[in-house]
Amino acid sequence: MALALCLQALCSLGGWLSLYVSFCRLNKHRSYEWNCRLVTFTHGILSIGLSAYIGFIDGPWPFTHPGSPNTPLQVHVLCLTLGYFIFDLGWCIYFRSEGPLMLAHHTLSILGIIVALVLGESGTEVNAVLFGSEITNPLLQIRWFLRETGHYHSFTGDVVDFLFVALFTGVRIGVGACLLFCEMVSPTPKWFVKVGGVAMYVVSWCFMFSIWRFAWRKSIKKYHTWRSRWSEERQLRLNGHLKTH
């Protein structure tokens with residue numbers, strides 16, 4: 001069983017590495033980070049779809065059955081995601097592209113997945129955490145691509161930012177709090193699994209503070225821009241009215 005899990009994780013790692021190399025060859029004029037973010041975007045879409053299917057259709061429901069035995073589909077998805085996080089953590093360390101908070105998030109994710117796979121249980125809530133963590137990931141990558149291509153300061157960029165902040169606050173913080181509560185009050189999950197859940201939620205709040213600061217600064221900037229434009233238009237209307245007299 002352990003050998004099969006290791007092989008699945010290694011195959012996943014090899015798959016993500018191969019996808020990254022393929023993107024690098026197809027997009028030779030782009031940076032390494034561009035191609036890595038394409039891999040991240042692909043993983044985000046794939047993991048959202050798979051984890052949503054597990055949580056909402058295949059089951060079991062994470063809010064009522066935390067600590068339950070892993071299903072075969074959960075194991076496959078966790079191995080797929082484990083390979084990705086190992087790839088991305090190695091990439092971030094090699095290129096020194098991320099700070100301690102993101103590295104801590106990836107490390108906790110890897111440890112959480114490994115624990116669930118080794119125990120053979122708690123895949124239900126780990127899968128739910130995966131869904132909550134990845135649901136904003138595609139938006140984050142789209143935002144980066146918009147900035148790189150010079151299209152960020154537009155209506156599309158504003159929509160992406162709004163959806164990102166709203167989803168992060170509502171799902172990762174709001175729904176995440178409910179999931180953590182269910183995890184803590186349930187007698188089934190192991191105590192160290194609960195500690196890992198608390199650690200992941202603390203990391204989410206650290207991200208949340210940074211996101212709220214960004215949202216506040218952008219809102220203030222947008223407000224001042226609107227006020228300035230409104231004042232200029234008002235002045236032009238007044239000047240035009242005076243000239244007619």
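Heads up, the Cβ atoms here are built off N, Cα and C, so glycines get one too.
What you see is a predicted model, and the numbers here were worked out from it, not measured in a lab.
For reference, Swiss-Prot has these:
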DOMAIN    29-204  domain 'TLC'
TRANSMEM  1-21  transmembrane segment
TRANSMEM  38-58  transmembrane segment
TRANSMEM  75-95  transmembrane segment
TRANSMEM  99-119  transmembrane segment
TRANSMEM  162-182  transmembrane segment
TRANSMEM  191-211  transmembrane segment
Contact between the transmembrane segment (75-95) and the transmembrane segment (1-21) (3 or more Cβ pairs under 8 Å, separation 6+): yes
Beyond the flanks of the transmembrane segment (191-211) by at least 6 residues, Cβ under 8 Å: 67, 101, 104-105, 108-109, 111-112, 115-116, 119, 122, 125, 129, 133, 164-165, 168-169, 172-173, 176-177, 179-180, 183-184
Positions on the same chain near the transmembrane segment (38-58), where near means CB under 8 A and six or more residues out: 16, 19-20, 23, 27, 71, 73-74, 77, 80-81, 84, 87-88, 127-128, 130-131, 134-135, 137-138, 141-142
Close approaches to the transmembrane segment (1-21) from elsewhere in its chain (Cβ under 8 angstroms; 6 or more beyond its ends): 35-36, 39, 42-43, 75-76, 79-84, 86-88, 91, 117-118
